[in-house]
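Taken from Swiss-Prot, the feature disulfide bond covers CYS109-CYS201, and the record attributes it to sequence analysis. Sequence annotations record features per position, and here Swiss-Prot assigns N-linked glycosylation site to ASN17 based on sequence analysis. Swiss-Prot lists 1-37, 88-111, 167-208, 271-283 with the feature topological domain 'Extracellular', giving sequence analysis as the kind of evidence. Annotation comment: Swiss-Prot describes 59-66, 133-145, 230-249, 305-330 as topological domain 'Cytoplasmic', evidence class sequence analysis. The transmembrane segment annotation in Swiss-Prot covers 38-58, 67-87, 112-132, 146-166, 209-229, 250-270, 284-304.
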Amino acid sequence: MSIHSPGYTVRRIPVNNVTDTTMFILTGFTDDADLQVLLFLLFFVIYLFTLIGNLGLVLLVIGDSRLHNPMYYFLSVLSFLDACYSTVVTPKMLVNFISNDKSISYPGCVTEMFLFVTFGTTECFLLAAMAYDRFVAIYNPLLYAVKMSPRVYIPLIIACYSGGIMHATIHTVATFSLSFCASNEIRHVFCDIPPLLAISCSNTNINQLLLFYCVGSIEIITILIVLVSYSFILFAILKMNSAEGRRKIFSTCGSHLTGVSIYHGTILFMYVRPSSNYALEHDMIVSTFYTIVIPMLNPIIYSLRNKDVKEAMKKIFERNFFMNKVHFKL
């Protein structure tokens, strides 16, 4: 059976159980062909800025010796995560905007969901690790080099990734152990957990509980680490006599708190609530925001208010300007 819409045809394949499901159809935001072209252009520009901003920040940290410390190593890992996070979802979504074929293969859907959950969860843990790093640097700066040596921050980063992989494995196995009946249409732009559960004909109570308690536990743990770390940072700031020192700390920590608040706020809205409150159309917009828009915003949030990053960027621009000027004269 087919669904005819302006500009393209979407195939709907009736399925009886999970073994018959060889593909899914991602219905996306709209059937309007003109609007899809506009959405393609919008998200293409966002994705381009995301890659330039995040990968540029990674190269900046690698290339500038002044940024060779744990704080900026964590920031470069966050930027790499954001680039990967967006890349898992955006290219396929862009293709769907301009293609008649909106399908994604069953293995492709499994892979997309696994990577999406892996990078998303890893980012939650990494934001908590970054808060702890700021706490150590500000509350006990004399011991910072010892307490955040490579033997500490490298295992921390590995632990963040390990936690992300474990969490993704749980949900991927649980979700794709279900049967998918009647329709293979996913009312979403990518293979997220709630819309997949919505088209399953199996009992999804265990999956709903897993989603609520796993995501809820991760959110509680990581947010508590952030809150405790910043409570100690606040005490340290109140003891400071230097106004310049306070401004520098507020500049560094304010950007991190902004990023944490936006990211965790959208995740809590998406996953930590009763399944009866899910509205797939609204959730599609919110999930698009935190998978595509937030990765674009993070380089801006973390660089515009950071003096060291701005100086490193200024140094590169000045060097490139000088090189171009010399080349022009020659």
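Glycine too: its Cβ is placed from the backbone N, Cα and C atoms.
Non-local neighbours of the transmembrane segment (112-132) in the same chain are 71, 74-75, 77-78, 81-82, 84-85, 88-89, 92, 104, 153, 156-157, 159-161, 163-165, 167-169, 171-172, 175, 190-193, 196, 218-219, 221-223, 225-226, 229-230, 256, 259-260, 263-264, 267, 291; each lies 6+ residues outside the stretch with a CB under 8 Å from one of its CB atoms. For the transmembrane segment (284-304), the most Cβ-contacting stretch among 146-166, 209-229, 250-270 is 250-270 (pairs under 8 Å). Summary: among the disulfide-bonded residues (CYS109, CYS201), the fewest other C-beta atoms within 10 A of the C-beta are counted at CYS201.
Long-range neighbours of the transmembrane segment (67-87) within the same chain, counting only residues 6 or more positions beyond its ends whose Cβ lies under 8 Å from a Cβ of the stretch, are 47, 50-51, 53-55, 57-58, 60-61, 115-116, 119-120, 122-123, 126-127, 129-130, 133-134, 137, 148, 152-153, 157, 160, 252, 291-292, 294-296, 298-299, 302, 308-309, 312. Counting residues per DSSP class in helix, strand and coil order gives 12 helix, 0 strand, 1 coil for the topological domain 'Cytoplasmic' (133-145). Within the chain, the topological domain 'Cytoplasmic' (59-66) has long-range Cβ neighbours (under 8 A, six or more residues past its boundaries) at 72-73, 75-76, 308-309, 311-313, 315-316.
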